[in-house]
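Before any comments, here is the structure.
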Amino acid sequence: MSSVETLKAMAAAAAVALIQPGMVIGLGFGSTAAYATRMIGERLANGELREIVGVPCAEGTAALARELGIPLTTLDDVERVDITIDGADEVDPYMALIKGGGGALLREKMVAQASRRVAIIVDESKLSPALGTRFALPIEVVDFGYRATARWLAAQGGSVRLRLRSDGQPFRTDQGHLILDWACGPIADPTVLADRLAARAGIVEHGLFIGLATDLFVAGATGVRHIVRPDCGRIAP
């Protein structure tokens, strides 16, 4: 296991320790979140956890959870999600996030919004002084007029590209939508930008996750830091 993969596993283990028997758990998507899903499956198998149920954020997560024997349900069939464990592509000092590198941003945001607690697991490379500095912002869009939407985004600054699969065909989300990756540069006010994007017809969802993360687990050379979101202000460096 590489050093980066080791850090991902460390962060995942710290977050999974929050899970208690009887919980409804949001299962995130991506390479880091997969570590958490596997650890949940292991704890179920050895009897450390019982009577839990998972709400997967993507079809890929659902498939992995089934392989591991994790009971699943849907967001429609639960009143609340006790805790969601997921990764992030970029985290700013206020615990705002860019997510959607795996293309599951819509479902991830829906599950996060339904959760009492959202634990984000990352390694130190994902920390950033401002969102957009290190990672392009994923924008989920409908097919109709997607080029017009891309032009509108580009007019705001930066560059836009249609996300493609390895075979050169357009990437499709689980909902069948397209993804535009907008390299917009550092975002001065994520809340203002989120509102503008939400108001634009043709945009289904964007990768800005603001005010959703309650817990941040950051793995680095000295171990794992557990940061709880303050009511206001920056997280401690």
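Along the chain as shown, residues are numbered 1 onward.
Placed from the backbone N, Cα and C atoms, the Cβ positions cover glycine too.
Record features (Swiss-Prot):
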- Glu108: active site, proton acceptor (ACT_SITE)
- Phe29, Gly30, Ser31, Thr32, Asp86, Gly87, Ala88, Asp89, Lys99, Gly100, Gly101, Gly102, Lys126: substrate binding site (BINDING)
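A map of Swiss-Prot features onto the structure.
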residue : record                       : Cβ neighbours (10 Å)
Phe29   : substrate binding site       : 29
Ser31   : substrate binding site       : 12
Asp86   : substrate binding site       : 30
Ala88   : substrate binding site       : 27
Lys99   : substrate binding site       : 30
Gly101  : substrate binding site       : 21
Glu108  : active site, proton acceptor : 31
Lys126  : substrate binding site       : 22
### Query
Hey, how far is Phe29 (substrate binding site) from Glu108 (active site, proton acceptor), Cα to Cα, in Å?
8
### Task
Please classify the secondary structure at Asp86 (substrate binding site) using three-state DSSP.
strand
### Query
Any idea what the Cα distance is from Gly101 (substrate binding site) over to the residue listed as 'active site, proton acceptor', rounded to a whole Å?
11
### Task
Could you state the whole-number distance in Å separating the C-alpha atoms of Lys99 (substrate binding site) and the residue listed as 'active site, proton acceptor'?
9
## Note on the structure
Quick note, Ser31 (substrate binding site) and Glu108 (active site, proton acceptor): C-alpha atoms separated, nearest Å, by 14
### Task
Measure from the Cα of Glu108 (active site, proton acceptor) to the Cα of every one of the binding-site residues Asp86, Ala88, Lys126, then give the nearest.
Asp86
